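Listed features, source TrEMBL:
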type	residues	note
ACT_SITE	88	active site, proton acceptor
BINDING	13, 14, 15, 16, 17, 18, 19, 20, 87, 88, 89, 90	ATP binding site
BINDING	147, 150, 179, 182	Zn(2+) binding site
BINDING	167, 168, 169, 170, 175	substrate binding site
Ligand SMILES: Nc1ncnc2c1ncn2[C@@H]1O[C@H](COP(=O)(O)OP(=O)(O)O)[C@@H](O)[C@H]1O
Ligand SMILES: Cc1cn([C@H]2C[C@H](O)[C@@H](COP(=O)(O)O)O2)c(=O)[nH]c1=O
Ligand SMILES: [Zn+2]
């Protein structure tokens with residue numbers, strides 16, 4: 001019993017690739033196996049806090065909204081779970097070193113950590129925290145959505161709007177998963193306009 005101690009499991013990939021679904025499924029399985037679990041989600045906008053992680057196909061997991069790793073540390077010190085899930089890890093506030101230190105601390109204390117997060121932003125640049133965490137994983141899963149243009153495995157989340165800020169919260173109205181070839185074609189078209 002309780003063989004998973006201090007393991008780092010990462011679900012990454014583009015939007016719609018199933019990162020959150022896999023996080024939810026892992027948490028569900030750990031719960032069934034008798035582990036004490038808890039899930040967190042970063043809040044970028046403190047005015048809209050909700051206590052649910054919702055997948056694109058509307059599966060729901062209860063989660064605690066947090067701003068940064070310090071809030072997670074505080075909670076874990078009191079609650080003492082076996083397994084911790086963090087969705088949208090790329091949106092945790094604070095510098096990368098501090099987040100890494102926090103997560104390494106959980107692992108060193110025997111807590112299993114399941115992370116879901118985007119590997120790249122809309123322009124194909126890595127999200128720094130995910131880039132740093134990936135080599136540390138015990139289990140690293142790169143998931144693929146279906147490219148909406150050609151039906152092959154998608155690689156990146158293409159932004160359909162003209163917004164240039166790195167963080168623009170949205171779903172299928174604002175983003176579409178594309179393979180590398182279709183992404184480069186879209187980018188060329190956009191530059192010609
Ligand atoms: N182009 C697509 N490719 C794959 N899944 C898609 C696509 N568009 C919508 N979906 C839906 O998205 C679900 C995955 O949602 P979710 O786990 O929230 O993904 P992620 O967290 O990676 O954004 C799939 O099970 C599917 O129902
Ligand atoms: C690519 C990209 C995405 N976002 C936002 C859009 C969504 O709100 C989340 C990703 O959610 P998912 O569970 O992975 O579908 O991130 C962003 O702000 N900037 C980007 O470049
Ligand atoms: Zn394609």
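FYI, residue positions are counted from 1 along the chain as it appears here.
Cβ coordinates are placed from backbone N, Cα and C, and glycine is handled just like the others.
Known features from TrEMBL, placed on the structure.
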residue : record                       : contacts (Cβ under 8 Å, 6+ apart)
13      : ATP binding site             : 19, 118, 119, 141, 142, 143, 144, 145
87      : ATP binding site             : 19, 20, 23, 39, 40, 41, 42, 53, 63, 116, 117
88      : active site, proton acceptor : 41, 42, 116, 117, 118
89      : ATP binding site             : 42, 99, 115, 116, 117, 129, 130, 133
147     : Zn(2+) binding site          : 153, 154, 155, 177, 178, 179, 182
168     : substrate binding site       : 122, 159, 161, 174
170     : substrate binding site       : 161
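The shortest Cα-Cα distance from residue 167 (substrate binding site) to any of the binding-site residues (15, 17, 150) is found for 15. Around residue 179 (Zn(2+) binding site), taking its Cβ as the centre, 22 other Cβ atoms fall within 10 Å, counting all chains. Between residue 169 (substrate binding site) and residue 15 (ATP binding site), the C-alpha separation comes to 11 Å. Residue 17 (ATP binding site) sits 12 Å from residue 175 (substrate binding site), counting Cα to Cα.
Long-range neighbours of residue 15 (ATP binding site) (same chain, six or more residues apart, CB within less than 8 Å of its CB): 56, 118, 145, 157, 171, 175, 177. Listed in chain order, the extra residues whose Cβ falls within 8 Å of the Cβ center of the substrate site residues 167, 168, 169, 170, 175 are 159, 163, 174. The DSSP secondary structure for residue 167 (substrate binding site) is coil. For ligand 3, the nearby binding-site residues are 150, 182; that is, of 17, 89, 150, 170, 182, these have a C-beta under 6 Å from one of its atoms.
Here the binding-site residues are 169, 182, and the one whose Cβ sees the fewest other Cβ atoms within 10 Å is 169. Surrounding the centroid of the Cβ atoms of 147, 150, 179, 182, where the record places Zn(2+), the chain contributes additional residues within 8 Å, namely 148, 149, 151, 152, 154, 155, 178, 180, 181, 183. Close to residue 150 (Zn(2+) binding site) in the fold, though at least 6 residues off in sequence, lie 179, 181, 182, each with a CB less than 8 Å from its CB. Listed binding-site residues: 15, 17, 19, 150, 167, 182. Those with a CB atom under 6 Å from ligand 1: 15, 17, 19.
Residue 182 (Zn(2+) binding site) carries a helical DSSP state (H, G or I).
Checking the binding-site residues 15, 89, 170 against ligand 2, the ones with a C-beta less than 6 Å from an atom of that molecule are 15, 170.
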